[in-house]
Amino acid sequence: MARTNPNIIVTGTPGVGKTTHAEQLARSLGFKHISVNQIVKDEGFHEGKDEETGSWIVDEEKLLDYLEETDLSALGGHILDWHACDLFPERWIDLVIVLRCDSTTLYDRLTARGYKGKKLEENMDSEIMQVLLDEAREGYREEIVVELRSDKVEDVDGNVERVEGWVEGWRRDNPKGREEDEGEGAKEGEGEGAKTLV
Ligand code: ADP
């Protein structure tokens, strides 16, 4: 079955603005926002909490099985919002947005959220070292990965407009929709068994 709308990942370090962007994109495009954190918690797709950081240890296999059962792969039109990305099979995905944020701004956002100690430090390091951008570039074809700034409120509107334009282009390029296995170099299976913390 060909999906008639693209699936988009919105990723980045916690606090960069994934939820803010994903909600606005879902509203403006009429797409479904999938907050992976929420699903992991609601459906219990985890193996308890990491003692040191207090974060959930995600059961990726259960999560992927769950997503496979949704109409994500068949119909498209989903926004996947998570701070990890390379576990989603490339055959599902049409665009990977990596949001980036100035480190002083991110520090303020994370401390406002109550992050401190190791958890704060690890997330700050992750942004500075562009861990998510590298993960996206390693996991997906270069041409579907875009890096967008999320420092200021105006950035959100600009980014959403840009993605709306991209979606229009995708529809023009895929008038009959897109089959699951059309993409090159699906990197399915990579990272299997890895533990991701939320
Ligand atoms: P994430 O989902 O990546 O953890 P959120 O969307 O929850 O991030 O945003 C974290 C905080 O930063 C929220 O208070 C949000 O309002 C704010 N924020 C996000 N993006 C921006 C932006 N581009 N400009 C200003 N504030 C932002």
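Quick reminder: no glycine exception, Cβ is built from N, Cα and C everywhere.
Taken from TrEMBL as is:
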BINDING   GLY15, GLY17, LYS18, THR19, THR20, ARG113, LYS152  ATP binding site
REGION    35-58  region 'NMPbind'
REGION    112-122  region 'LID'
REGION    171-198  region 'Disordered'
May I ask for the residues of the chain that lie six or more residues beyond the region 'LID' (112-122) and have a Cβ under 8 Å from a Cβ within it?
-> 14-15, 52-55
Select, from LYS18, THR20, ARG113, each of the binding-site residues with a Cβ positioned under 6 A from at least one atom of ligand 1; if none does, say none.
-> LYS18, THR20
Would you say which of the binding-site residues LYS18, ARG113, LYS152 has the most Cβ atoms within 10 Å of its own Cβ?
-> LYS18
Chain-internal residues, separated by at least six, CB under 8 A from THR19 (ATP binding site) = SER35, ASP81
Using a 10 Å cut-off, grab the number of neighbouring Cβ atoms around the Cβ of GLY17 (ATP binding site), all chains included.
-> 25
Reduced DSSP assignment, LYS18 (ATP binding site) | helix
Recorded ATP site residues GLY15, GLY17, LYS18, THR19, THR20, ARG113, LYS152, farthest C-alpha pair in Å | 18
Count of other CB atoms lying within 10 Å of the CB belonging to THR20 (ATP binding site) | 18
Name, in the order they occur in the sequence, the residues of the same chain whose CB lies under 8 A from the CB of GLY15 (ATP binding site) and which sit 6 or more residues away.
-> CYS101, LEU106, ARG109, LEU110, ARG113, TYR115, ASN123
Reduced to three states, what secondary structure does DSSP give ARG113 (ATP binding site)?
-> coil
Could you give the number of helix, strand and coil residues in the region 'NMPbind' (35-58) as assigned by DSSP?
-> 8 helix, 8 strand, 8 coil
